[in-house]
């Protein structure tokens, strides 16, 4: 009975923080929907104009990525917002755990799909640059569609494994979302969580490696085509734009996904489970250790970072290239021209001074 006042006080604090925090998922959902919708409209317009199969395949991949991110936000964000606004425990809101399983499947599916799509596009770009002849013969739009369907089916089958008993989806701290059970002592649950984290890291490495290969191939081809002709300058401009875009893609993927995947492996190795995080917020439970509190807060923060990837994807893949990259390249070229002109002026001034000195010496 002595714990009841403390319990009520802490529940009120949780309630206030929950209502205050609802602005974050609402903002992320609206921002993501606007960006991905713009990307889909731009892809649709460009896809109808393009006759080159190479460009059509890449546009189809970008459109699939934007559609995946959009559906991921539409299916998960309203549930999170409702959980915040209802101010209820997940157990009372979802006693049958069907909603938690649905939420977990969506999180896993729409989390892995962008990573697979990013890897597929990175492989496609590297093949187009390093083996253009093989790429033009074998890579067709129909093959791209088949690969994307296979990726979606495999990811969906993997996400449904906890429904079949391999792994488990549980509600996560602070009780507004569900995800893979972390630190589960049972072997099937541990296997599923480790597989998700290792698979995500592997896809990041594939994307990073292929983008590095593409950047290297672009720079080599740019050097071979260097010159003063219009085509050489155009190739140099396109190379600069593509390299900047690929660097942006790599940075966004690493910043958004690497912390979550590493944190999952940390929690698995340290045996900090989802139940530990949930019990840490209960007022009537023993005071949790600072390590558990820190790990749980880091896990929530890394989930927010991974969710941010759905917002940034359409910008780094499409919208940024259309809006900002060319402006950036124009500024960079202007700066380089200014520096070249300054070097020429200093060289000419130096030559003039040298000639004046020589004339003075000759007169003497």
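Note that Cβ sites are derived from N, Cα and C of the backbone, with glycine treated the same way.
Feature annotations, courtesy of TrEMBL:
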TRANSMEM  20-45  transmembrane segment
DOMAIN    35-317  domain 'G-protein coupled receptors family 1 profile'
TRANSMEM  57-84  transmembrane segment
TRANSMEM  96-117  transmembrane segment
TRANSMEM  147-170  transmembrane segment
TRANSMEM  190-215  transmembrane segment
TRANSMEM  243-262  transmembrane segment
REGION    342-364  region 'Disordered'
Sequence-distant contacts of the transmembrane segment (147-170), meaning Cβ under 8 Å and at least 6 residues beyond its ends, amount to 60-61, 64, 100-101, 103-105, 108-109, 112-113, 116-117, 120, 178-181, 184, 188-189, 191-193, 195, 274-275, 278
Integer mean pLDDT for the domain 'G-protein coupled receptors family 1 profile' (35-317): 83
